[in-house]
Amino acid sequence: MKLALIGFGQAGGKVVDEFLAYDEAIGGGFINSAIAVNSATTDLKGLENVPKENRVLIGQARVKGHGVGADNELGATVTEEDIDEIQGAIDRIPVHEIDAFLIVAGMGGGTGSGGAPVLAKHLKRIYNEPVYGLGILPATDEGGIYTLNAARSFQTFVREVDNLLVFDNDVWRSAGESVQDGYDRINREIVERFGLLFAAGEVDDDDDVAESVVDSSEIINTLEEGVSTIGYAREEVDTSGGLLSSFRGEEEFDEGQATNRMTSLVRKATLGRLTLPCDVSSADRGLVVATGPAEHLNRKGVERGRQWLEDETGSMEIRGGDYPLSDRDEVGAIVLLSGVTDVPRVDQLQEVAIEAQETTESVRANAQDEFASLMDTGGELDALF
Ligand SMILES: Nc1nc2c(ncn2[C@@H]2O[C@H](COP(=O)(O)OP(=O)(O)OP(=O)(O)O)[C@@H](O)[C@H]2O)c(=O)[nH]1
Ligand SMILES: [Mg+2]
């Protein structure tokens with residue numbers, strides 16, 4: 001399907017940059033246009049693929065191009081104040097050509113976390129196209145303010161978008177890696193999963209397996225509402241076969257093997273590491289996408305995988321289809337689970353938000369008491385010197 005991507009804040013911009021590279025690399029054609037919005041000049045300058053004229057600096061009057069320093073209320077304020085600047089860039093998008101907007105943002109900082117929900121609300125008011133969010137959760141060791149921002153932003157973002165696709169940095173970190181190397185690797189993991197999903201709805205009708213190909217309406221229906229997570233598994237296949245193996249009298253395509261392979265890939269994708277870990281049985285809707293060389297995909301494999309996911313989720317709304325990628329030597333399964341409700345990380349964020357609220361109140365009350373007593377008993381101050 002065709003997307004207008006909007007990267008909000010540093011993480012959002014970098015991931016959109018990576019999406020553009022990925023779309024180009026796979027010949028996906030799922031990105032119609034890409035915009036980056038930030039309150040920090042250097043972050044916008046650091047982007048490689050987002051066209052220069054589509055980089056929007058906001059909040060200049062307040063923060064002079066230096067970012068909002070993880071203050072997500074300020075992030076929301078400068079977005080509201082400069083919404084016309086952002087709209088100016090969106091006005092250049094041929095919106096009638098797109099199937100949806102996708103706003104990408106890190107939930108832990110200030111600009112993206114505060115601004116993305118404001119923009120989502122604005123877009124929903126103006127356009128009929130669905131507005132999706134891709135929210136990136138901070139790692140747990142990033143510290144209190146990041147977790148608190150994420151807790152607040154998550155709730156608002158979910159409310160404003162049609163569907164919030166989530167990626168949790170915490171689950172994808174690996175030890176002994178610099179933060180930058182880590183992000184580069186993680187960003188590739190992000191765009192591969194979400195990119196394959198969106199590219200899947202963008203196959204030409206004249207494709208040889210067109211009848212089982214995923215349609216963008218199936219993605220849109222799966223993303224009807226709520227929170228989504230993605231699983232992905234792949235396996236190398238022997239693509240050297242073809243002519244040579246038929247000379248040897250071998251079968252060119254083993255139907256049974258392909259079916260078994262796809263069924264187990266769907267299981268692995270679902271039960272392996274999800275972009276947002278959750279209880280799979282809490283999903284409302286699902287979509288299974290089989291990727292790889294068309295000659296290695298068969299309808300039965302997807303169908304079996306789909307049925308297995310129906311049993312696993314207890315949902316009757318599990319869709320399935322192919323996304324043929326001819327020049328690959330691997331077959332893969334993307335599993336999109338949508339409307340998930342049993343998500344430990346989200347519960348944890350909610351607890352943090354409540355705790356922080358209580359702590360802030362008691363710290364504030366204490367500080368007021370202490371200040372009052374300091375003012376009352378000036379004598380104590382003198383005694384210090
Ligand atoms: N996956 C991924 N996460 C990132 C990346 N950069 C930052 N993050 C995460 O995103 C969160 C928000 O950081 P930024 O995107 O830098 O924040 P911002 O929106 O620019 O806001 P301010 O810098 O406060 O103005 C961090 O807490 C990290 O968890 C990245 O390249 N990839
Ligand atoms: Mg920043």
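Each residue, glycine too, has its Cβ placed from N, Cα and C.
Keep in mind that TrEMBL annotations are predicted by a computer and have not been checked by a curator.
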For this session: From N32, N128, N187, grab the residue that TrEMBL records in the same GTP site as Q10, A11, G12, G13, K14, G110, T111, G112, E142, N169.
Result: N187
For this session: Quick one: of the binding-site residues Q10, G12, K14, E142, N187, flag those whose CB is under 6 Å from ligand 2, and say none if nothing qualifies.
Result: Q10
Problem set entry | Three-class DSSP secondary structure - Q10 (GTP binding site) | helix
Seminar exercise, completed: Counting Cβ atoms within 10 Å of each Cβ, the densest environment among the binding-site residues Q10, T111 belongs to T111
Exercise. What is the total of other Cβ atoms whose distance to the Cβ of N187 (GTP binding site) is within 10 Å?
Worked result: 21
